[in-house]
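Taken verbatim from Swiss-Prot:
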TRANSMEM  11-31  transmembrane segment
TRANSMEM  43-63  transmembrane segment
TRANSMEM  69-89  transmembrane segment
BINDING   GLY76, THR79  Na(+) binding site
TRANSMEM  93-113  transmembrane segment
Amino acid sequence: MSSTYKDLDKIFLIGAGGFLGAICRFSLCELMESYYGTLSVNVLGSFMLGLIMYDTEYIGFIGPKGKLAFGTGFMGAFTTFSTFAVQSFTMPFFPALENISVNLFLALVGVFMGRSTIKALSGREV
């Protein structure tokens, strides 16, 4: 198979994952107010990306194609740094500071929890 076809395969996987991730983000944000919807997708996305990245490194259940589809495609479209930035920019100073602090802290906690889950499942030091 030529490299062009391999690249098309990767592009399709990322695009399909992105399509589903965008739909899921839209659906979840429609259920909540904008601030809470954005916070929810970013924290959930950080947890899920933590699972995906550490799984591909230590367990291998997802595999390279799954990492492209779910890690790059789905999570790239599901999470939304730009919406978080615009929402923070348009808020008064102290609510914006709270929004920034809560988003960053909980996103890092999400990655930590994803990593901890993989560590527990693999039985290895991660």
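Just so it is clear, glycine is given a Cβ too, placed from its N, Cα and C backbone atoms.
Contact check: the transmembrane segment (11-31) against the transmembrane segment (69-89) gives at least three Cβ pairs closer than 8 Å, residues 6 or more apart, which meets the contact criterion.
Beyond the ends of the transmembrane segment (93-113), by six or more residues, the same chain brings 35, 38-39, 42-47, 49-50, 84, 87 to within a C-beta distance below 8 angstroms of the stretch.
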